């Protein structure tokens, strides 16, 4: 939605999606009038209309069970009056009243969607501080860790003395050398 949400979809498309399940009337480029139940509307304004009555330019009417109408062929759409009370218009009123500030609690993601958005925000801000701070010295940027990075200078949390070096120096990758 262009007001408070997805920037790819404008207000007319959102209203059209809200009209799904209602009876609409569409005028095409050829001058035909199609009236029927809007079953599905796509973001490109393609419409799938059921139980349609098609009136051609001569006034002759015919019935069709299903009509798929491409968005580029549409000239005019008449929607039901009940859409005046759609929740999207409340968001627009709130948007205008508060000078563009996003409405609190309206349109906010909940549950899994909120967690995904929160995670994306953390990535943009420099990574997950998390429970132990971020990666790098003193909990800087990154994806977790224990607050000490390369050459941290501090003993890592909860580790005691360094491991036994054995007779030949540091232990190898697969155990003592």
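The backbone N, Cα and C atoms fix where each Cβ goes, glycine too.
Per DSSP, the secondary structure of the domain 'Sm' (11-83) breaks down as 14 helix, 38 strand, 21 coil. According to TrEMBL, the domain 'Sm' annotation covers 11-83.
What TrEMBL lists as region 'Disordered' is 125-177.
What TrEMBL records for 141-155 is compositional bias 'Gly residues'.
Looking only at the domain 'Sm' (11-83), the predicted model's pLDDT averages out at 93.
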